[in-house]
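Feature annotation from TrEMBL assigns domain 'Amino acid transporter transmembrane' to 70-476. Annotation comment: TrEMBL describes 78-96, 102-125, 162-181, 193-213, 219-242, 309-331, 361-381, 402-422, 428-448, 460-484 as transmembrane segment.
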Amino acid sequence: MDTEMVDRHKEQEIVLEKRIHINSVDDIVCHCMLEYYSTPPESEQPDFEEDQKGINQPREDWLPITESRKGNSWTATFHLLSSGIGIQTLSLPLAFMYMGWFWGILCLSVAFVWQFYTILLLVDLHESTSSTRYSRYLQLSVAAFGVKLGKVLAIFPVMYLSGGSCVMFIITGGGTMKLFYQLLCEDCSSKYPLTTTELFLVFICLAILVSLFCPNLNSLAFVSFIGSIMAVGYCTVLWLVFVAKGRVDGVIYDQSKVAESETARIRNIMNALGIIFLAFRGHNVVLEIQGTMPSTPNRSSSKFMLKGVVASYLIIAMCLFPLTAAGYWALGNKIPANGGLLTAVLTTLHHHTLKPVVGLLYVQVVISCVAAFQIYGMVVYDNLERAYASRKSQKCPKLTRIGIRIFFGGLTFFISVAFPFLPSLGLLIGGIALPVTYGYPCLMWIAIKRPPTKFAMWWLNLGLGCLGVGLSVLLVICAVWNLACIGLDANFFHPY
């Protein structure tokens, strides 16, 4: 009898044994020894596509996004700030010029709350099943909509929001470097002018150099920290400058003075909606950022990520709303249609603003663009390295990684020089990719969670998902309308 009790006690200890290995101060991996109910380590778990097709996919710890899972709430905050605040926020006062105070504030508030809600959905869906972490937006789309439909809906928007954003960073960063050079060397800039193409090349060389020292997304934490400080810095400096200098002479806030006809007024309102809803970005890298965090049975990565999301978007709100209000209050109907507040500083407030302040703004914008380039570029690096590892069945060698980064940098540089007018198509292409932010997360939540149709959350997400897709169609129509009315200055291979 005693022997049987001892044997049974030993069996229970073997089944329920937990071994805790401390790899680092912040990295505690708990291996449960349940033979029938345990899941393999994340590095050995197959992708969703592997289960569907039976194709050998690379291990997660081979790829840049999930190579290191030592992130925390602080690193998530820095990544979200650096990727979430962009040069597009400087055009928000232009939307107020078309819509006025009331409708402008209302639409901006609705867009902020809406996109914040969809981020919370993505965070929740990251570990929506017990055996899989969806560390990439495309993986989640395939899991929700199926292989074919998931790829059709997600591949182009995600790749545009990654690779296309990097092209925009080159155009914006290179153009700002030119303004800084002209400000710093007023005399020598005319004697020894640097072309925009040359400054694009300087920018991309700097971006590639930084990427070579950051093999994975988690290693970008310090770069994102610097980028987030710069992004918050230029937003804060701008609205402080506008408040300090006061309103421009002759400023008015009458929307009827902006449009010459009722048709033009309707088109301006649609453009304003596009400016507001496209000002928020970064949803295509939220799952990737969460993928850098550890996850244990006792504490999932969602708890770390929620802290980072709340902290970062509180700071983003503190940047966007004062900047938009102060910019519209100071400039009114005199906000430049091209370039937004950054152009306004150069044209309207240049003679009233200290030269070091303007130079500081330019430097902050450039550094912010370099840092954001790394985060969005990491998604492309991950896809390219996945293709290599799938074919070779091994981790990407260091030299190959360097080659991939140089290749992608050269490709984005070529596109930025060949198509320097891409910012003029921002409303069109951004409208196509808009459901990634406002529509797909709601529909993916329904497809994966499968709540009862009588559940209020089912109707809420269905309504927001359909509304996000409808808004995308509306913005695309507006962009085509703009091109038909205004035209397009397609300056191929001639960046200004």
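Here the Cβ of each residue, glycine as well, is placed from N, Cα and C on the backbone.
The structure displayed is predicted, hence computed values, not measured ones.
The stretches the transmembrane segment (219-242) and the transmembrane segment (78-96) meet in space: the count of Cβ pairs below 8 angstroms, excluding pairs fewer than 6 apart in sequence, reaches at least three.
Among the recorded stretches 78-96, 162-181, 309-331, 402-422, 460-484, the one sharing the largest number of Cβ pairs closer than 8 Å with the transmembrane segment (428-448) is 460-484. Long-range Cβ contacts of the transmembrane segment (162-181) within its own chain (Cβ-Cβ under 8 Å, at least 6 residues beyond either end) map to 87, 189, 194, 196, 199-200, 202-204, 207, 281, 284-285, 342, 346, 359, 362-363, 365-366, 369-370, 372-373, 376-377, 379-380, 408, 412-413, 415-416, 419-420, 422-423, 426, 429, 495-496.
Segment contact holds for the transmembrane segment (193-213) and the transmembrane segment (402-422), given three or more CB pairs below 8 angstroms at sequence separation of 6 or more. Nonlocal intrachain contacts for the transmembrane segment (78-96), taken as residues 6+ away from its ends with a CB within less than 8 angstroms of a stretch CB, comprise 104-105, 107-108, 168, 172, 217, 220-221, 223-225, 227-228, 231-232, 235, 238, 271-273, 275-276, 278-282, 285-286, 289, 308-309, 312-313, 315-316, 319-320, 323-325, 327-328, 331, 335, 337, 339-342, 365, 368-369, 371-372, 375-376, 426.
When Cβ-Cβ distances below 8 Å are used as the criterion, the transmembrane segment (402-422) is approached by residues 163-164, 166-168, 170-171, 174, 196-197, 200-201, 204-205, 207-208, 211-212, 377, 380-381, 384-385, 388, 396, 429, 488-496 of the same chain, each at least six residues removed from its ends.
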